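Student: Dumping what TrEMBL says about this protein:
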DOMAIN    8-322  domain 'Peptidase A1'
ACT_SITE  Asp26  active site
ACT_SITE  Asp211  active site
Amino acid sequence: LHNEGTYYSIDIYLGSDEQHLQVDIDTGSSDLWVPSNNVDCSGCTDSGTFDPSDSSTFTNLNENYEIAYEDQSTSQGYWGTDNFGFTSGSPTISDLQFAVVTQTSVEQGGILGIAIEQQESTSLEYPNVPVALANQGVIDKPSYSVYLNNEDATTGTLLFGGIDEAKFSGDLVKLPYSPVVDQSAGFFVEIDSVKYPDGSSTSVNGYTIFDTGTTLTYFTQEIFQEIGEKFGGQLYVTPKEQYYVVDCSLADEDDVLTYEFPGVSIEVPYSDLVMQLYYSNGQPSGQCALLILPENLNILGDNFLRHAYLYYDIADQYIGVKQVKYTSDSHIVS
């Protein structure tokens, strides 16, 4: 995985001629889509495009594709199948179904969604990347681990079919997928509360999704406001957004915000939750924003996920979670 600042990308190779692209890895959606060579977009071609006419193994399925993400961005195109690989030389998956996008408002390029099949943007479920890897014998069952590494690291790891036990201590704690939340919404698990350094806490008693495709952390309005007030923030509201302005010195403290799940807690340092605000001329304003924002559902994005090791077991419907241990050591078990 490549740390692109606001998202994490991965190298893929498509077609008989192994066209190389970098795509955003997204545990919050389930489809792979890539920009076509004649796509209508702003900046989405910088990480590569796909020209179906250059691949002798491409099949157009003559079905329209459309997806809308939580941030209101959309993509449209058509479905096809072709050979897919994570490295050049030989395809990892033959005849993988994916979308060729002809119009998108997503700026960073293609997206590799690796969530559950029920979340695919079609009524006809198909084997997406994790399932296809298992079906074609590359891994034992549809599963993968996510290790984003620390904020300053340029790379992290996405490991299909295995767990790197060097990246955490003890045993992963299993958080089952919630049967309460509509499964088409994704990998929702239970979250109990967030706890502050003084021992007090904000009760969540709800469900959240771990989403690599989201940069920041989001809670529903009431919880967002309670957290912002605990940080001593001033609520700033515009027609388009709202956030808390907080004291910049919080980023220099050793305090952590503790996210409490059934049987496991994950600590996130304040330094990953507070960001300097800048004037339009690029000069620092001396004010900082709290990087926890309001949304109509709870989403734990990259500024949380960097501090957790996550194992997504699609076959057995749970996510294994533990506080991350940053290390270059590796001990992979399948």
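Glycine too: its Cβ is placed from the backbone N, Cα and C atoms.
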Student: Could you say whether, by DSSP, Asp211 (active site) belongs to a helix, a strand or a coil region?
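Tutor: Its secondary structure by DSSP: coil.
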Student: Pop the Cα-Cα gap between Asp26 (active site) and Asp211 (active site) into the table, whole Å please.
Tutor: 7
Student: Averaged across the domain 'Peptidase A1' (8-322), what pLDDT does the model get? Just tell me the whole number, please.
Tutor: 92
Student: Could you check what DSSP calls Asp26 (active site) once collapsed to helix, strand or coil?
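Tutor: DSSP call for Asp26 (active site): strand.
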Student: For Asp26 (active site), which residues of its chain lie six or more apart in sequence with Cβ-Cβ distance below 8 Å?
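Tutor: Non-local contacts for Asp26 (active site): Ile111, Leu112, Gly113, Ile114, Ala115, Asp211, Thr212, Gly213.
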